[in-house]
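Input: a single structure, listed below in structure tokens.
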Amino acid sequence: MGQPSLTWMLMVVVASWFITTAATDTSEARWCSECHSNATCTEDEAVTTCTCQEGFTGDGLTCVDLDECAIPGAHNCSANSSCVNTPGSFSCVCPEGFRLSPGLGCTDVDECAEPGLSHCHALATCVNVVGSYLCVCPAGYRGDGWHCECSPGSCGPGLDCVPEGDALVCADPCQAHRTLDEYWRSTEYGEGYACDTDLRGWYRFVGQGGARMAETCVPVLRCNTAAPMWLNGTHPSSDEGIVSRKACAHWSGHCCLWDASVQVKACAGGYYVYNLTAPPECHLAYCTDPSSVEGTCEECSIDEDCKSNNGRWHCQCKQDFNITDISLLEHRLECGANDMKVSLGKCQLKSLGFDKVFMYLSDSRCSGFNDRDNRDWVSVVTPARDGPCGTVLTRNETHATYSNTLYLADEIIIRDLNIKINFACSYPLDMKVSLKTALQPMVSALNIRVGGTGMFTVRMALFQTPSYTQPYQGSSVTLSTEAFLYVGTMLDGGDLSRFALLMTNCYATPSSNATDPLKYFIIQDRCPHTRDSTIQVVENGESSQGRFSVQMFRFAGNYDLVYLHCEVYLCDTMNEKCKPTCSGTRFRSGSVIDQSRVLNLGPITRKGVQATVSRAFSSLGLLKVWLPLLLSATLTLTFQ
């Protein structure tokens, strides 16, 4: 036998190579182009290797997708999710009503809390359940929650179930009604053939025919109809709500030959609305009293009824407000944030014989006026401050009380009875109230203008106790290093519900220069200095005020004064995360401080040292942690 040829030997080697590598994920190749599209080619010197990519299996020359979902332990989908195989990988899919959360698997989606996910009716309440949600119609309404409407008799006092679009809703018929303005409904109009077969629902009569139904039997062949319909009963007063009456039709000598049930309500504007139904026969139509055309009592207040006198309608005080004893005169007191308002009811004053009302406070320059917001009252207003209008301030440890006296007369001169009404408003002491009632608090203030939301004022003050209700007063404070400083910042004006006051950097310097390179940070980058155990941040970025405390200290070296500075920021709670997240022992370098947003307070002098306030130079040296003295400061910021 001769020697095997080189070609035959090469074929054997190649075949052996394929057999050896077929069972592995890696194969040697001559060129990278021989590798499968889902393989990675590696060239190492003279060897070219094909390796299947992650998620695929094969020898590199041929790679097929690995189904991780079918192999135990090959995927990390949670038990409540489904594994879906994808080319080279897999994905975990949650069932409807759930969302994939890292580390938690599939968690329930609260469709009620996220806009656009629930499709409940506007009146319905969304109730979240695991994997879905429910829609519940309110009490008195019927429906499946995706559609809700009221049912007759289910609405509250003074309300009725009325059409609104394609649904029925509970509403006040004084606002939800249609109008009838036909002049021929007047009882003075002659015969005709009108028939109210199409009337159903709440209506108000307006126009030249009259504003209310006739209350007496109407002669036949009037109101442009054959058998006129009139209201068999009196109209209700506004405090009676919705009442039921009978409308009678006059024909053939009978004032009530036919009848229909109607409902009537007296409205605050001095008019009436009627829930009418189609009459039982034709030709029948509802008639109006022509005397109600003029003087329709549109100006009647809620304390008055619309009454007819000699064919003319006018406003008349309700019987409930008639009093004969001055001691029964009621007054309404409103204690506002900045002023106090005391009011007396006009109807009660009229019943006591006050045709004219002269009312004033201890300072007679503060006199009464007709309340524009409520025609039933005459009012007088005084600022909630000590002094204006004769207002007197008294305070204790918990409250500040402003008091004054209201004087009442029916003439500009008084000979006999001098009527006095003492009134007072008490306000719980907080940072704002305590500063307002202090004679000369140490305060720093800053004005801030935020585009579209108005002007804000930020104040900073130093308080004596952890209640933050006793501010230090005067231009400077002297304290020992054993004392604690209680520092409060507060925001006034503008939309306080939207913005939170955030103290970004609060620090002390030995001089009045806020840019002094020697700084001791109490709050830095929104977080307290954790190396000082005496620092306590009570509130920051949570509301319209901020509070922190620290033990008094002094700077090492020849420094006896401490000045406090706070950089503040108005945080938009609708678009920003305002409350700082602070944890661990960190003390960062911080960002550049915006001096236009810095409140400055001081000096605070170490007890036993005579203060020299005129020093304003920058100071270099070491800080010895004793603890800082603080005064109140006020700052004004402008944001464009």
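Cβ coordinates are placed from backbone N, Cα and C, and glycine is handled just like the others.
Per Swiss-Prot, disulfide bond is recorded for Cys35-Cys50, Cys52-Cys63, Cys69-Cys83, Cys77-Cys92, Cys94-Cys106, Cys120-Cys135, Cys150-Cys161, Cys195-Cys282, Cys248-Cys256, Cys300-Cys315, Cys335-Cys425, Cys571-Cys578 (among others). The N-linked glycosylation site annotation in Swiss-Prot covers Asn38, Asn76, Asn80, Asn232, Asn275, Asn322, Asn396, Asn513, Asn513. Per Swiss-Prot, the feature region 'Internal hydrophobic patch (IHP)' maps to 454-465; the stated evidence is a curator's inference. Per Swiss-Prot, signal peptide is recorded for 1-24.
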With DSSP as the reference, give the number of residues of the region 'Internal hydrophobic patch (IHP)' (454-465) in helix, strand and coil.
0 helix, 10 strand, 2 coil
Separation of alpha carbons, Cys195 (disulfide bond) and Cys161 (disulfide bond) (Å)
25
Using a Cβ cut-off under 8 Å and a sequence separation of 6 or more, which residues in the same chain sit near Asn322 (N-linked glycosylation site)?
Cys347, Gln348, Ser351
Tally every other Cβ atom lying within 10 Å of the Cβ atom of Asn275 (N-linked glycosylation site).
21
Can you tell me which of the recorded positions Cys69, Asn76, Cys77, Cys195, Cys315 is spatially closest to Cys106 (disulfide bond)? Compare CA atoms only.
Cys77
Should any of the disulfide-bonded residues Cys63, Cys69, Cys83, Cys571 have a Cα within 10 Å of the Cα of Cys77 (disulfide bond), which are they?
Cys69, Cys83
Validating a neighbour-count step here. Other CB atoms within 10 A of the CB of Cys63 (disulfide bond): how many?
23
If you count other Cβ atoms within 10 Å of each one's Cβ, which of the disulfide-bonded residues Cys35, Cys150, Cys248, Cys315, Cys571 has the most?
Cys150
Candidate recorded positions Asn38, Cys83, Asn275, pick with smallest Cα gap to Cys63 (disulfide bond):
Asn38
